[in-house]
Structures are given as structure tokens and as C-alpha cells.
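Chemist: Under the heading domain 'Aminoacyl-transfer RNA synthetases class-II family profile', TrEMBL lists A:33-361. What TrEMBL lists as L-histidine binding site is A:89, A:90, A:91, A:119, A:133, A:137, A:283, A:287, A:288.
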């Protein structure tokens, strides 16, 4: 042991790290997300962690804090790494990727991207400086089929159903409905209405009503119509009828209602309550142009969005002179996962992926144990071989501490009898490594 | 289309990025590596991309160029992000992780870590500034069982066998054998011998001989013995006999030969030529203390190591006063993969994970297509539903361009007949979505 001064390792605020048993659950989340994305045929894309600063800033100064890179031993001859910044989302890299590889991609380009992103936030509780986003997008030349407006929330629905989560709802709206409806009411600043209506959660109906009058000069009928619209909720296309009954007609409104109706009809087979048309959902409307999504925990709105997204125009306009609209949803994995961990809402179990521990009762039986482990592994079972001949009690405790569900006793000789112990109930039975199945569930 | 100035996206030297069809192959590599690691029960660990600089530098100034982070809009009140650096390998983070979570881990701690690392290199062809490493290590308190010296190369063997690679060999040596043998020859600076012998590839036998005499003052017998040792190769424990015959005895040599023999005996069932004891393999010997590994392409030594590793002492000595030796192997995924891509050695196929494309011949058959796709997906087949009713020819071309192997024709009505076309041979047959199997291979 050296006498040198120790460097005491401490967690770095905003950079989450998990112990193995929590990581097992996070991996299950990541696997569920990836598997579902792929089951719909979306391809994987990864981009470098960095982009050139002019790419990151192509739309003007971003509101996100960007981390730039600097070589520790940078000298006068520094070759410009300071012009590289860690990406702060996956949208900018995707836009750049599609522009750069335009001629190599098949459109509609259906991709998912699961990667870490970084934001140069001041250290602060609950603020992540490194976190994983899981994005799925469809980008096409000139026009994206409405098919995807319905497919993306179905994919998210399938993912969330596969995770062990508190109750959640996918809220759907359509920006054309909002904008078309406001225009039909003779309102000249529909974006202003949307901006104010988006504060409903914070300032309530009275506050919104006041802002409509004071800030936008809306009259009483207009205010009533806007508030009536924002209160409409529904799980099927009956919401279209409800909006119709508020009156007002415009081409944009008709288009939006057709789209919203199509999406809701397409999802009518999903369990009741999991998808909800919510005409109060607005979401950053400088960006979105049609269908918008926002998914939240039903009973914990303070968690913020589990995921969000929608339709947008001209993704890569800063990099290429092609019209490339898209639609996408982003799952904020780390933010949600870390909060559930902190709140004790994540159930952990094993700290390793092993299905079986094969014990080594003595050096004489080691070869028999080696062979048994190889047979089980060959059948797709994750199998640990205990690392030395030792007392059985010690090996059983090792399995129990790691949460390995089965302990296997290899035979004394080649033709002998195998036994397997189920640690959940303590039963030990004879078994054939070539055909043994673990208990269901 | 806006008139703004375009930012032309260009590749950034040292930060690799793949098109979707290359990414499919990279994902297959990553999945093979992970699945094999897990089949032996190793758990997943991920650490933040950054470490505190004092953690990165705990062993003194590193020879690696480190990237530090700097907030783009950093002001006078900067809260010290400049003291954070991106990790340059996975060994330092693992040492810090084990020290920090010491009381939460089960030992021997068997973990794998697959993550990107960064090095602040000057831009230069073939130099990666961001790349993915795949590390597997076992860390234990005080002593690591010899079992793992044999298990780790077997895991690597299984991984490499599962990839479509040019011929490779896993070379194995043992530092105790080298050091013990040199000591038995009366050589006072065994590390010096190892340092020079390690240059055999570069300066040849004559150069090594000269350096032994000039730099270390070895006599003729000592030089002959050292060169004889370095020439020993063998696929089984007969190498132990060959070393024995060179003469010389020391406790360390005996210990090393026992260990080397155990490892080679344990791997005797593997295909001939894939594992080779090579007494010329040295590897950074300030670090390694026993078994060492180095895997290279048999016919392309200029590729450098596919993977390398070995036994080391006291991993986390900079952070905790516990003796924590370990053994590990690191696969340099990006370096090898990128070079194979550049050399046209990677066979690409599909650009997406889809097994089947379900076509939508008309809007009337869309519901039938939706139901069919759901059935196939439910059976674990990655299934794309074409995004709109369109000419069949166009949908077939879409499948062919993406490399989707099967195109499915849903029936006109619920009880009608399904057909599936195999794009590899053009045959189209009737099929039941509930039971259809894709052709083997």
C-alpha cells in the first residue's frame, strides 16, 4: 500500500452514476426502448458527441449552455478544438447528419438515436449536465405522411407499457386546430393566444382570461371561445365534434381536425385513458406545425414531461437547400429515471445479468462444473462459474448477494446427476443442463 | 426555403460517424460483445463521461491529452467546470468507481463497461479523438483467483469467433515467467530486458541483441538465453517444458510457469491456432504483474492490437487504502472497426433492422395491413408498415433499397389469403402471419 495522498472520489453534481443493481433496471429501460423502436423498422444512428460550434449555433445563439472542449495541454499551436462543442440535444446533430449524408439515405428516413447529451448548467440539485435522450424521428423530402403522426405515439405507448411506471397519459393536440380555430374567431395573433394558453397550468383560467384581454385585446366572445377550446379533452374522435360545436370555420381548422381525427381513430384500440386529446397542450410553437405530443405521469405533473414531440418544418434548413420536414418524439430517459430512483420508485433486484451460478464444490469437480456452465451458456442462459473450489455455503451466499436466481450443482462424474436450487423458494431438484428451463415469470 | 447563409456540415477529423448500413454492423459487434460478457455473468457499469481533473491526474501527469470542459458562456462566476475532464480510458473511471462504491459492491467485482472515451489528439489521419472501448475486468480484495486468467481470453475468443473478421490470434504470456527467467539468468534489470525485448518487432533480433549488450551489459550466455526465451511459441503447456529446458530456476519463474500452464490447459478445447503462448509478448510492464494478453490479426500486424490486457496490482490505490488487484481485457472497438471499414473489409447489407415490410396496396387494405404488421411484430419480427397506399412497385423498390428481406401482402379482407415475397430469390408464397418463419440463415 503506498503512502501517497489519497484523492477522495466524490459524485459530481449533474453527472448521474448508478450502482450495478440500478444499472440493471436502466439497461432494461434502454433495451425496451431500442427493441420497440427497431420492431417498427427504425434504424440506429449515432453521431459524434461534438459538433462544430457553427453547426451548433446555426440558428443563432442557442439558449442552451454549451460545453466547449479544450485540450489540457493546449499550446500556442492549438488546432482549434475550442471550436468544438458537446451536443446539447439530438435534434441539431440529426439535422446536420441528414444534410451531410442526404444522398446516402433512403427517405422517408426513419431513425432512432439513443445518446448522451450535455448542457453546461450551473451545478444545482435536479439539473443534469449529462443525460441520455432517446429520440425517434421520421424525416422526408417535402412532406411526411400522416401515417407517422399515429405510429409514433403508438411506439411510445408500447414502450411505456413495457416499463414498470406510475400511471401516465399521452396527450395529443394539433397546432393547426389551435391556430385555425383562433383565426376563425377573428383573432389576429394566434401565436400570442397559444403562448398565453400554455400558461394555464401556472396562472389558471382567471389569469389566462385576464392576459387574453390585457395583452391581446380579445373581446368577451373570443375569450370564451378560446377557454372553451382549451378545456376540451377526449379519448376518441368525438373531440372533433365537440370542437365543431364551438363554431368557427377555416381551412386550417378543417385540416387540423382531419389530422387529429385520423390519429385518434388509429389509436382507438389502445387501453382507455392512455391516450388523450387535450386541446390545452401547446408546446414550443415556434417549432411545431401540426400534431404535438406530451406525455406525463397522471398523478405527478411535477415530474414534467416523460416525453414530448411533434411535427416540424424544414429540419435541416440551416445546412441544405432542401425542404425536409419531420416528426419526432424524444424520451427524456435520465431525467425521469433519476427522479424515480431518488423517489424510491424503482424496484431493484439482481446486481448482475446471471441466470445461474454453477458451484465448484471441490477441485475434483471443477471440470464437471466447467462443462456444465458451457452447456447452459450455449442454451442462452447467462451462467457464472464460481471462481474457485470453496465451501458451498459461501458460494450460495455469493449467489444470494448478487441476486442470482438459481444455483447449479454439477455431478461428481460425467454420467452423474445434476441438481439445481431455486433460491427464491429453496427447493433443490435434479435437472438436465441440456433441457432445464427456469420457472416462468 | 430561407435565404440565410448555409453552414456546410463537414466530417470532424477523429470523430467517426457511420451511415445506417455501417451502423447496423457496428451494432452487431456491440451486441455480440455485450451478450458474451453477460453470458458469463459480468454486470454492466457506466460512468459519467467526465471525471474531476484530480481523479484523472491522481497518478501524476498523464501522457494522454485530456479534453477539459468549458462553458461557452462562462462568466466571472464560472463554477469550476474547467476542473472537469473527459475520461481518456475506462480504467481510471473504474478505479474511481470501485473506490467510491466499495461498500456497495460484491467482490470479486465482475463488470464490463462499453463507452466512448476521448483524447485531445491533434487532428491526424487514423488518430481518433472519440472512440468506443469495450472493457471487461475482475477486481477483488487482496487476491484475484487464477480462474479469471483463463476465463477472460475464452470470453474474447467467443466474441471474436462471433464477428466476421480476418484471421486473428490471442497471444498469451506471463510477466512472472519473464521476470523470473531473467532473474534466474543473473540479470539485475529484468524490466530493462522486457523493455528492449518488446521492440523485437521494430528492431529485429540483431537490434535487440545489440541493445542487450550495449544498454544492459548482458553477457553472451544471458543474451542467448533471453533471445531463446523470446522465440518460444506454443499452443499448449508443452511451452512450459520448452522453457524448463532453457534452464534456470527461481520461485517467481515456477509460479509463472504454473499459471501459464493452467491458462493454456484451460483453453485446450479451443480451435488450434486461435490461442498461442508467445514469450515475446511483453506489454507495458510497469502495470501488469502476471498473465498478459494481446490479440492481433494474424496476417495484418500493422493493425495493432484488437484487444489487450492482463493482471495488475492495486487498481484503486490512488483513491482508497485497500489492496484491490484485478485482471482485465480491453477491446479497441472503434480503432479496429473503422480501419476495417476504411479497408473495405466490412460487408454491409441492410440499412435498417426490419425483417418484413408490409405493403399498403390501397387505402381499403390499410386496416388489414395494420393488423398484419401488429401480428408479425407481436411474434418478435421487426416489421415496417409502408407509410401510405401506393403502387406496389414503388413499395418493393423501397424494401430493396433498405435491404428488407421480405415483403408481405396483406389480404383484401379479414379471412383472405396473405402472401409473402422473398426478395433474395423473388419467390412469392401464401403465408399465415401467426406461424410464418423466415428462411434459415
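These residue numbers are counts, starting from 1, taken along the chain as shown.
For all residues, glycine too, the Cβ spot is worked out from N, Cα and C.
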Chemist: Specify the count of other C-beta atoms within 10 Å of the C-beta of residue A:283 (L-histidine binding site).
Modeler: 18
Chemist: As a test of the contact definition, list every same-chain residue at least 6 positions from residue A:89 (L-histidine binding site) whose Cβ is closer than 8 Å to its Cβ.
Modeler: A:64, A:117, A:133, A:330
Chemist: Work out the three-state DSSP category of residue A:89 (L-histidine binding site).
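Modeler: DSSP call for residue A:89 (L-histidine binding site): coil, neither helix nor strand.
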Chemist: Which ones in the same chain are close to residue A:91 (L-histidine binding site), with CB under 8 Å and 6+ residues apart in sequence?
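Modeler: Listed in sequence order, they are A:135, A:315, A:328, A:330.
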Chemist: If H, G and I count as helix, E and B as strand, and all else as coil, what does DSSP give for residue A:283 (L-histidine binding site)?
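Modeler: Looking at the DSSP assignment, residue A:283 (L-histidine binding site) belongs to neither helix nor strand, so coil.
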Chemist: Pairwise over A:89, A:90, A:91, A:119, A:133, A:137, A:283, A:287, A:288, annotated as binding L-histidine, what's the top Cα to Cα distance to the nearest Å?
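Modeler: This binding site's residues have a maximal Cα-Cα distance of 23 Å.
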Chemist: What mean pLDDT score does the domain 'Aminoacyl-transfer RNA synthetases class-II family profile' (A:33-361) have in the model?
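Modeler: Here the predicted model's pLDDT, averaged over the domain 'Aminoacyl-transfer RNA synthetases class-II family profile' (A:33-361), is 92.
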Chemist: Can you count the other CB atoms that lie within 10 A of the CB of residue A:133 (L-histidine binding site)?
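Modeler: For residue A:133 (L-histidine binding site), the 10 Å Cβ neighbour count is 20.
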Chemist: What three-state class does DSSP give residue A:288 (L-histidine binding site)?
Modeler: strand
